[in-house]
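**Student:** My structure is below; once you've seen it, I'll send some questions.
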């Protein structure tokens, strides 16, 4: 009978060679490609790259929207790079709101862990899909569509959102309109909002122009 | 020497078998799949399926936005189904505006054919990328990001937009906020707009709630 | 000034045309394609298609593995069809185990909601990535790699797993080896397990041959 | 201790539900989608759908090119539908030639099993990559580039080509130019070939116009 | 009431982190990946990266084909890198021809802006799809198939072609056959063209061998 | 008539620009991306990058499994990088076995060149697809599913496997369970195997813990 050592050596050698594309833990210091971050060398990867504890801590909701969004995208959680998945924790104090926003690069499934949340998205055909979710409910928001979440009860709500991308992006409508240097007349012309309304919210959100 | 007829027959037979996946002209009457419309039978496909004249005619800009958007997506132009590309014609009368909108399913390149157009998109990092384009200029709007186009001169402008999807979708911000039955208090809570402003624009755009 | 009605009509018409590819709610009665289930007609889609309450209920862990896996894949939750995302609820009683398994079609992120779970995956290079996760921790399991989860404490544990596919599949190692009609000699030859061991587990799990 | 039967039942039920997307054996009678053929119902799938014997038989090389191409694309071998892979058998008698051609939908790796084959592809930069392959050699032809294979010895050659698509297509240059109804003046204008040359080859290959 | 400053700071911080995958402007000096060029650092990206004026200038048609092809692929227009879209300007003097060619990496939609153009592609099944396009017409050429365009009138024609790839490639048939060092006997064997014809065109186009 | 030199110069210039994305020969020394290895500079690519002779040599089957697996993945054969295809040679001495394994990143088609091979895969629904293949037969193993191959005759068998990925990976079940440092109690808990069985095979295969 042949030696097991030979078997072990030859197959291990082979599988070592093949292993590098099982995963691609993000090396945040190297140049990105259209497919995501460059890969950390496999030899330096440890289990710590695949585990993240940052979503176990409540976000700080002491702000104007009474809400906190804590991401575990590839930038925060390098282990998901290239795998087409990521998570976010959402804390909503009573009265808390995640204002209208989109994720340009991925679809989302929201899971309510505590409390109740009213959520909606609007389709290209301008249909509103609106629902109040209770603990344990999940709701899907298809890629790129405007949607929001608001606390639907008098108690703090917690939810986790999963995305079909390791870096789905986040574009908050109010920020697009009122928190940058886009000139007020252009905002007015492209939204039909009144100048006074625009100036008021630019004041609140720090926009100029 | 062997007969050419044998060669012709055997290879034609082969290529007939292989041909069906060169293209997938949309059959709009059959159920769709996540990858697009079902394919028309290859035997019924003619050159007319691959040519479209609908973008050669100026759109009617006699409307509130003084603009017209004429699509050649897979629904209007079945030949692009499954090929990851489509076009739109844009007519902008003086003062014309394509209000803030997104395409949830694709990136866009705008090509100005006549006149001048000021266009901008905003990134997830809230940077504004704003430019006035003259005839012959092209500008790219990455997938899913809010953007707009406005006529930048005193003469009619014409542009063509190309998309990286046969069905990129179109979500117009004002329609999302003011032209459906999303309740005014929810719009207010998720945009910070004043109730009066919302009611005013719901009146203009036909929204209820 | 132009009538708002004209604006509303022309743009709504346009966006209706473009809307069908925002999402593709599964029609489970129609033939599937390689990209997923066929799409339900958009006119019949309601918010109920995008919300699922089946993960809010604890699974029954009164079984040999003291665990329950409750899926919200496209088959159970048609709204995720074609969107590259789905969820599963995992209940682990004390001593509960989700035995070695793979998801052939997607990567997974596990989120611990209650209790503690020891989880691991093994790479192609045969490295073990093993960690005990506490409440709030997340861990990623790259696509197609063998992995497991076991309750790491004396109390019931709950977790949710997100997948980068609407139908990631599930292949349980013990089922592959011991719960079908694969002949015992072939199982032995291809696993090096002893015949007696195989026969014992075939007896427990209902395998024949 | 809990009954194994409960465990078996509950998990089998689960995996049955999840199983349909492991594969998508082509149903050639149903409408195609851009992603491939519709799927045969899983309950009707047998091992025969995943095995094909058609490539074990030598093709008939008694023709003008002294070559035979026997495909195992999704149309002939429905088990590969949706899996991004297919094969072809190539028989080349002495003097045999597979004339210049492309596969519009996939890359190819050629494996020589018997004899010697001279093969080449030309890149977009117009570099020629030419090599005579002996038994056991493999050569890759990147997607969509024109390439050919000719018998390089005095004995019959056999090769198998693998493709990165279940339906890569096949476009033979001579057929494009000389075996259809494309008018001779257009062929001349778009190839710079002499009219006499075109008419001669149209005669051989059955082209009209 | 909470301070707006807190809100602004926390959300901006978040969106900055998430922003990097909105786009991937090509850094032409870094190594490429299979998904395209490496990304320029987001902090160095300006609107100039997303706008290109090179297609506004007529190409020089004083050449043997009386035609000019001016690309705006990722190499010339780095803003499209990774976005699956690019453009080309086509100028055709009277009698101008874009000879038979393919784009190995993408489908094309041609838009005629001025004049008339006769275009055709041939499918794997050897069907010819031929049409004379007038101003405003669009025609789609599915990925990888041989096609051509010729000026169909007595006046200069202008067209723009959009592609479903940022780097679709371009392979011109005459260049493949007659403008490199592929030996004449091999060209003859793999095309059935006469030796004299090949030598004549090698002379015109600079081929050797 | 215009000078051919002008034509040649202008079009070659153009095609040089466009050529870089025809292929992406792996540069194994640069950082990987999720889409594969970085690309070697096109100017340094030669035909040798696209040809590989390593599969023409019989693997050494003098080992415990009486089998050898010789890969031509992107790591060994850089020309396939980014092209979604690769090959493996399989040598099976009489009694030879490729034990239960998966390829996490791709589907496989097995082609028997010599001898007879019994192969099987198991689906998520726990159906066994088992067949003895003779010379010339092909069998497809869908992505990520556990499968095996064993010599079915008294003579050496040779087969080639093609994959739908340039780096499909390889995970051998026995290695996962018995050839690393995964603690024996965890292996037992997650496989139901007896402790004695596990310790025995850990001894053979070099596992610890």
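Glycine too: its Cβ is placed from the backbone N, Cα and C atoms.
Pasting the relevant annotations from TrEMBL:
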BINDING   F:101, F:103, F:108, F:147  Mn(2+) binding site
BINDING   F:103, F:108  oxalate binding site
DISULFID  F:24-F:39  disulfide bond
DOMAIN    F:53-199  domain 'Cupin type-1'
SIGNAL    F:1-18  signal peptide
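Show me how these features fit into the shown structure, please.
**Tutor:** Summarising the environment of residue F:108 (Mn(2+) binding site), the number of other Cβ atoms within 10 Å of its Cβ, over all protein chains shown, is 24.
Following the DSSP three-state reduction, the secondary structure of residue F:108 (Mn(2+) binding site) is strand.
Taking all protein chains in view, 30 other C-beta atoms sit within 10 angstroms of the C-beta of residue F:24 (disulfide bond).
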**Student:** My list of binding-site residues is F:101, F:103, F:108, F:147; which of them have a Cβ under 8 Å from any chain E Cβ, in sequence order?
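**Tutor:** Qualifying residues, whose Cβ lies under 8 Å from chain E: none.
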**Student:** Looking only at C-alpha atoms, tell me how far residue F:24 (disulfide bond) is from residue F:101 (Mn(2+) binding site), rounded to the nearest Å.
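**Tutor:** Here the two Cα atoms lie 29 Å apart.
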**Student:** By DSSP, how many residues in the domain 'Cupin type-1' (F:53-199) are helix, how many strand, and how many coil?
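**Tutor:** Reading the DSSP string over the domain 'Cupin type-1' (F:53-199) gives 25 helix, 56 strand, 66 coil.
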**Student:** Tally every other Cβ atom lying within 10 Å of the Cβ atom of residue F:39 (disulfide bond).
**Tutor:** 24
**Student:** Cα-Cα, whole number of Å: residue F:101 (Mn(2+) binding site) versus residue F:39 (disulfide bond)?
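**Tutor:** Residue F:101 (Mn(2+) binding site) and residue F:39 (disulfide bond) have their Cα atoms 30 Å apart.
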**Student:** Let me know the most crowded of the binding-site residues, choosing from F:101, F:103, F:147 and counting other Cβ atoms within 10 Å.
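**Tutor:** Result for the most crowded candidate: F:103.
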**Student:** List the Cα distance (Å, whole number) between residue F:39 (disulfide bond) and residue F:103 (Mn(2+) binding site).
**Tutor:** 24
**Student:** Enumerate the residues of the same chain, F:101, F:103, F:108, F:147 excluded, that satisfy the criterion Cβ within 8 A of the mean position of the Cβ atoms of the recorded Mn(2+) site; list them in sequence order.
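**Tutor:** Close Cβ neighbours, site residues excluded: F:102, F:121, F:141, F:145, F:146, F:161, F:168, F:170.
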